[in-house]
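K.L.:
The N-acetylserine annotation in Swiss-Prot covers 2 and rests on similarity to another entry. Among the features that Swiss-Prot reports, phosphoserine is placed at 8, with the record citing a large-scale study or a structure entry. Under the heading topological domain 'Mitochondrial matrix', Swiss-Prot lists 90-93, citing sequence analysis as support. The transmembrane segment annotation in Swiss-Prot covers 28-48, 69-89, and the record cites sequence analysis as its basis.
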């Protein structure tokens, strides 16, 4: 019974940084989506001063749609990449 607890507790020994790096290697498009989201939000907030005649609510909606579009695109590419690796790349013996 102690071996079961040892196996389940081994995931808690892993630090946050090493866990993030391991997950990033398993699914590389998730950190790309997160970085793109952060970059689009930062750029949108930077451009908030010089938005011109545009209402703030419209500017924020455009920023949200762009960030969501980037994340959905990264998720779609990641799904396609995973499907490629699982079904087509491993077929060659």
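Just so you know, glycine gets a Cβ as well, placed from its N, Cα and C.
Note that the structure is a prediction, hence the values are computed from the model and not measured.
Mind mapping these onto the model and telling me what they sit next to?
P.N.:
Summarised as a single figure, the pLDDT of the topological domain 'Mitochondrial matrix' (90-93) averages 65.
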K.L.:
How about long-range neighbours of the transmembrane segment (69-89): same chain, 6 or more residues beyond its ends, C-beta under 8 Å?
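P.N.:
Beyond its ends, the transmembrane segment (69-89) has Cβ neighbours at 27-30, 32-34, 36-37, 40.
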K.L.:
Using a Cβ cut-off of under 8 Å, list the residues of the same chain at least 6 residues beyond the transmembrane segment (28-48) that approach it.
P.N.:
20, 56, 59-60, 62-63, 66-67, 70-71, 73-75, 77-78, 81
